[in-house]
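Some notes on the structure that comes next.
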Amino acid sequence: MSPAPAGATALPGPLPGDVHDAVLALAAAASRADGATSLSEDAVLRLRAGDGAVQHLVRHEDGVLAGYAQLVPSGDGEGDGFEGELLVHPGHRRRGHGGALLAAVEERAGARPVRLWSHGDTPGASALAARAGWTRARELLRMERTSAGLSDLAVPDLAAGLAVRPFVPGADDAAWVALNAAAFATHPEQGRWTLDDLRARLAEPWFDPALLLLAEAPDGLAAFCWMKVEDGLGELYVLGVDPARSGAGLGRALLVRGLRAVAGRVDRVDLYVDGDNLRAVRLYAGLGFSRAATDVQYASGPR
C-alpha cells in the first residue's frame, strides 16, 4: 500500500479480499442512490486482476471506504493516455472525496489525457467535472423494455446461405474474437477484446452458450447476438455484424431471435448504446426499447 497524491491511497491489484468486497459494497450503494450501475463490468473484473497496468485509488473516512477510482491505459500505445471510473459512496458525498480522487488521477496521469466514466449522469459528477475543467466527451444510453410481448415478435427471415446456431466454447472462440474486432473496429472498448477477455466472460456464472447466437455463412461467421440473463434481468450483452453485411437487416434478425430466447426468463431487458449511434438507437426503439438512463464519460482538460 502506497500513498497517492491528494490524500488518496494507491493499491496494487489484485485487490485484497476485504478491499474488493468494500469496493463492491460501495458500488452497490452508489447504484441504488443513482439509479445506474455505478461500476462497469470491465472495472469489476479488473478488481480481481493482477495486471500491473491497473491502478486502484481509494479514499477512507472513519475507517470506511468512501471513494474509489480505477485507472487503466487507454488504447494500445503507452502514450495514449488513461481511462477509468470514479465513484463516491452516497453517504460520504460533498466532503471532498471526489475532488481528492480526481486530483490523484490527474497527478498520476501527468500530461497524458484521461477519460473517466460517471454512471447515471448525476449533478454531483457534473459539478465536479466543471470545477476541474473536464468536459463531456461521450454519452452511453441505457435503454430498456419489459418482457411483455417478446415471444410475439415476428422473426425476420435470414438471407440465403445463412444459418443460426449457438456458440460452441473452445471451437468458436477465435472466430468470434475476429468478428468482434471487425464489427467494433472503431469502438473504444469492445473492439479491443482478446481471447482472454472473451474467456473471462465465458467463465462467468451467468454465461449460457445457448444465448450467444451466431449467424454463420459458408465462408465463416457473419454476425452474433449475445444475451445475458442474471437475477431475472435480461441484457443485450453484445450485438455484432460483419461490416461487409451491414445494412441488410441481419442485426435486427438476430436480435429478435435473442429477445425471444429470453422471453419467459426475465422481467425486463436492458441494453447499452452510444448516444451518437443514431442508427442503433432507432433499431432498438423500433423493438420497444426506450431510454432509461445515461452514463457520461468526462475528458480531462489541459494541465
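Heads up, the Cβ atoms here are built off N, Cα and C, so glycines get one too.
Quantities reported herein were computed from a predicted structural model and do not represent experimental measurements.
As given in Swiss-Prot:
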BINDING   L86, L87, V88  acetyl-CoA 1 binding site
BINDING   239-241, 246-252, 277-282  acetyl-CoA 2 binding site
DOMAIN    10-156  domain 'N-acetyltransferase 1'
DOMAIN    162-303  domain 'N-acetyltransferase 2'
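Features as recorded by Swiss-Prot, highlighted on the structure.
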residue	record	DSSP (3 states)
L86	acetyl-CoA 1 binding site	strand
L239	acetyl-CoA 2 binding site	strand
G247	acetyl-CoA 2 binding site	coil
R279	acetyl-CoA 2 binding site	helix
Averaged over the whole of the domain 'N-acetyltransferase 1' (10-156), what is the pLDDT?
94
Among the binding-site residues G247, G249, G251, which residue has the largest number of other Cβ atoms within 10 Å of its own Cβ?
G251
Rounded to a whole angstrom, what is the C-alpha distance between L86 (acetyl-CoA 1 binding site) and L239 (acetyl-CoA 2 binding site)?
27
DSSP helix/strand/coil residue counts for the domain 'N-acetyltransferase 2' (162-303):
50 helix, 47 strand, 45 coil
Give me the Cα-Cα distance between V88 (acetyl-CoA 1 binding site) and R279 (acetyl-CoA 2 binding site), rounded to a whole Å.
34
Given the binding-site residues L86, V88, L239, V241, V281, which one has the fewest other C-beta atoms within 10 angstroms of its C-beta?
V281
Is it possible to get the count of other C-beta atoms within 10 angstroms of the C-beta of N277 (acetyl-CoA 2 binding site)?
14
Give the sequence-ordered list of residues that share a chain with L87 (acetyl-CoA 1 binding site), lie 6 or more positions from it, and have CB atoms under 8 Å from its CB.
L26, A27, A30, S38, L39, G67, Y68, A69, H119
Specify the count of other C-beta atoms within 10 Å of the C-beta of R279 (acetyl-CoA 2 binding site).
10
Using the recorded acetyl-CoA 1 site (L86, L87, V88) as reference, state which further residues of the same chain have their Cβ within 8 Å of the centre of those residues' Cβ atoms, listed in sequence order.
A30, S38, G67, Y68, A69, E85, H97, G98, L101, S118, A125
